[in-house]
Amino acid sequence: MSQSDETATEVDRETTDTSDRSTVGQSILEVDAIDAYYGESHILRDLSLHVEEGEICALLGRNGAGKTTTLRSIASTAEPEVRAGQIRFYGHEITHMATEDVAVRGISLVPEERRIFPDLTVEENIHVAEVVRNRSNVLGRNISFDREQMPDEDLYEVFPRLEERLSQKGGTLSGGEQQMLAIARALKQNPDLLMLDEPYEGLAPQIIQSVEAAIERIREDGTTVLLVEQNAVAAMNVADRCYVVDQGSVVFEGTAEELRNDEETRQRYLGV
Amino acid sequence: MSDETRRADDTGTVDETGTGLAGGDLLTRWRSVKERESFVILGTVVAVLLFPYLFARAPVVSEILQGYQSLAELMLIWGIFVIGFDLLHGYTGLLSFGHAAFWGGGAYAAGVFAIHVSGSPIAMILVGTTFAVLLAWVLGFLSLRRGGIYFAILTLAFAQMLFYVALQPLSNLTGGDNGLGIGGSTIEPLLGFIPLDAGVPVITMFVDTWMYMLIGIAMVVTVAFAYRVLNSPYGMVFRAIRENEQRAEFVGLNVWRYKLMSFVLSGAIAGLAGSLFAIQQARVPVESLFWTTSGEVVIMSVIGGVGSLFGGPIGAALYLYISNIVQGMSEVVLFTQIDKLFPGAQAVVLPEWASPAPYWHLILGLLFVLVVVFIPRGGIWGGLQSIGSRIGSRFGGDR
């Protein structure tokens with residue numbers, strides 16, 4: 001496909017997407033009865049969920065339940081392989097799309113563990129996403145985009161610590177700061193859906209509070225969040241709705257309040 | 001450590017303590033000036049102008065080094081090759097074991113063009129580089145389907161295929177085992193009227209011939225081009241891919257496309273170097289396509305410093321120095337100039353067993369091992385930068 005064709009396709013896609021997004025509170029992401037495999041290991045079994053516009057939706061479960069596999073299936077990574085079911089974003093099927101195309105459509109994934117580019121500076125980590133939409137200016141330093149990026153001022157308002165460390169290498173930041181940076185990089189792309197995989201993992205309680213505050217602030221700014229977390233208590237603090245996953249299937253769906261009141265589900269599947 | 005990341009450290013460590021203010025202020029200024037594009041290019045111009053003089057003609061220094069002009073030219077050509085290789089390996093994280101394909105391919109294309117079409121050096125460079133670009137596009141398209149060791153093996157396999165094609169089926173065109181003899185008389189004067197072996201007016205003492213000028217200009221252009229690419233959004237994406245490919249995909253980057261671009265840019269610079277090699281040698285040995293050439297550029301890159309713009313040329317110079325000068329040191333003479341200081345005093349000739357010539361492979365191997373063990377990421381250039389930083393911190397900076 002030529003470059004102009006690609007650009008034209010993207011413009012068409014954007015136009016279509018924008019028209020689809022007129023209804024506030026609708027399901028923007030629908031995962032419909034997917035079966036996902038790592039090699040021959042059947043991980044997700046007939047898993048269905050949906051995420052509504054503007055909400056924080058938490059995907060909870062024990063280690064190995066299939067939470068990360070669900071996020072990776074949505075992000076369309078090389079593994080796992082989705083062999084049955086459909087994933088739709090704003091009504092368009094994205095099931096077997098290339099990972100970068102899923103990101104370009106407005107889904108940003110902040111993966112677990114080391115989530116940043118450690119040898120790039122904080123500023124470069126944030127701005128590396130800017131090149132995604134840059135088709136015309138190859139070697140120049142001024143970049144133009146067809147998708148509006150989040151202004152730096154807005155980003156640093158949410159993450160003031162990062163602004164103080166712009167020229168520092170990402171790998172030299174503390175764990176909490178690295179997590180903030182990973183979220184900031186994803187937000188820079190102005191995503192419609194931000195997927196966070198274990199954002200509290202390995203963080204001190206005080207830092208978790210800061211990350212929680214940042215996630216709530218992101219929701220207030222209108223970004224929908226799909227949160228995967230083992231720390232069920234922390235996740236329920238910020239989530240509007242929750243899914244509990246066990247052995248690759250959804251075993252609970254309801255509001256965070258309903259999950260708090262459902263002691264049997266909490267004890268049986270989350271151990272809290 | 002890469003030049004970029006080092007710069008990032010530099011800008012983040014401004015002396016704000018009040019200790020050694022004057023020195024700290026000067027250091028801060030120096031750090032900001034030395035990373036400017038214009039300064040990098042100007043520094044390269046000065047280094048390129050002074051290098052052959054210091055290496056081949058300067059009193060005392062050149063006599064100690066035992067350097068000569070054609071080796072200085074060769075060092076620059078290989079330096080360009082290593083810069084191209086490092087663009088792919090050091091900055092994008094893709095280790096190719098088949099870069100001989102672009103070096104040799106560029107050299108053969110330039111040589112064949114000179115013999116059958118035109119011996120214009122500029123045209124030879126354009127043809128050789130263009131051929132390498134096209135070749136890199138095809139080989140990159142095929143090799144980048146796989147990552148890691150499989151990518152390295154694929155590049156090696158394709159380069160070896162080219163070697164055997166040049167050796168036998170295309171021997172009528174390439175000269176087969178004997179290599180391609182271009183002949184000095186086939187290569188025309190630069191721009192039609194400047195013989196490459198003529199001295200450059202005014203600065204003859206420094207650069208000697210137009211041949212060196214041509215190679216020197218190619219080096220400056222390569223550094224400027226590579227610096228611009230590496231400091232553009234492209235360079236940032238290359239480094240992001242080097243750090244973590246999948247994370248780059250999550251950001252929305254088409255990783256495969258950027259890797260192919262890096263491969264093609266790298267191949268283009270290798271092809272430029274190969275074309276210059278054909279012009280300078282007036283022949284193309286078939287070994288220029290052999291796997292040992294691919295191996296040599298890897299060793300040069302590691303010695304000089306992976307992921308640093310100037311590490312490559314330093315690594316190339318050291319490698320060629322050991323394999324050309326040290327290899328020929330059958331007799332070591334110390335204090336050759338001593339009679340100028342103390343009339344009547346005689347130079348000291350060391351016994352034959354002290355000659356390093358038989359051990360030059362060992363010396364090269366030791367150098368490689370020492371660099372890998374003690375300065376694995378920065379190589380010699382990284383080591384020099386580290387020493388510079390320590391000296392800087394002693395004179396007022398905070399590091």
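Quick reminder: no glycine exception, Cβ is built from N, Cα and C everywhere.
Residues or ranges marked as transmembrane segment in TrEMBL: B:39-56 (among others).
For the transmembrane segment (B:68-88), the residues of the chain that approach it from at least six positions outside its boundaries are 48, 51-52, 55-57, 94, 96, 99, 102-103, 208-209, 211-212, 215-216, 218-219, 222-223, 226, 229-230, 238, 262-263, 265-270, 272-274, 276-277, 280, 297-298, 300-301, 304, 306-309, 311-313, 315-317, 319-321, 324-325, judged by C-beta separation under 8 angstroms. Positions annotated as transmembrane segment by TrEMBL: B:68-88 (among others).
What TrEMBL lists as transmembrane segment is B:100-117 (among others).
With a threshold of 8 Å between CB atoms, the same-chain residues lying at least 6 positions outside the transmembrane segment (B:123-142) that come near it are 98, 101-103, 105-107, 109-111, 113-114, 117, 154-155, 158, 187, 218, 259-260, 263-264, 266-268, 270-272, 274-276, 278-279. Taken from TrEMBL, the feature transmembrane segment covers B:123-142 (among others).
For B:149-167 (among others), the entry in TrEMBL reads transmembrane segment. Remote same-chain residues near the transmembrane segment (B:149-167) are listed as 94-101, 104-105, 108, 139, 142-143, 174, 176-177, 286, 289-291, 294 (criterion: CB distance under 8 Å, separation of at least six residues from the stretch ends).
According to TrEMBL, the transmembrane segment annotation covers B:210-230 (among others).
Note on the transmembrane segment (B:260-282): residues 70, 73-74, 77-78, 80-81, 83-85, 87-88, 91-92, 94, 96, 99, 101-111, 114, 121, 124-125, 127-133, 135-137, 139-141, 143-144, 180-184, 186-187, 196, 211, 214-215, 218, 222, 225-226, 229, 234, 238, 241, 288, 297 of its chain, located 6 or more positions outside it, place their CB under 8 angstroms from a CB of the stretch. TrEMBL lists B:260-282 (among others) with the feature transmembrane segment.
Marked as transmembrane segment by TrEMBL: B:288-311 (among others).
Using a Cβ-Cβ cut-off under 8 Å and counting only residues 6 or more beyond its ends in the same chain, the transmembrane segment (B:358-375) has close neighbours at 299, 302-303, 305, 318-319, 322-323, 326-327, 382-383, 386. Among the features that TrEMBL reports, transmembrane segment is placed at B:358-375 (among others).
Long-range Cβ contacts of the transmembrane segment (B:288-311) within its own chain (Cβ-Cβ under 8 Å, at least 6 residues beyond either end) map to 1-3, 40, 78, 81-83, 85-86, 89-91, 95-101, 103-105, 107-108, 155-156, 159-160, 162-163, 166, 223, 226-227, 230, 270, 274, 277, 318-319, 364, 367-368, 371-372, 375, 377-383. Outside the transmembrane segment (B:39-56), and at least 6 residues removed from its termini, the chain residues within Cβ reach (under 8 Å) are 33, 62, 65, 67-69, 71-73, 75-76, 203, 205-208, 212, 216, 219-220, 223-224, 227, 309. Within the same chain, residues 3-4, 37, 40-41, 44-45, 48-49, 52, 69, 72-73, 76-77, 79-80, 83-84, 87, 91, 121, 125, 190, 194-200, 238, 265, 269, 272-273, 276, 279-280, 309, 313 sit at least 6 positions outside the transmembrane segment (B:210-230) and bring their C-beta atoms closer than 8 Å to a C-beta of that stretch.
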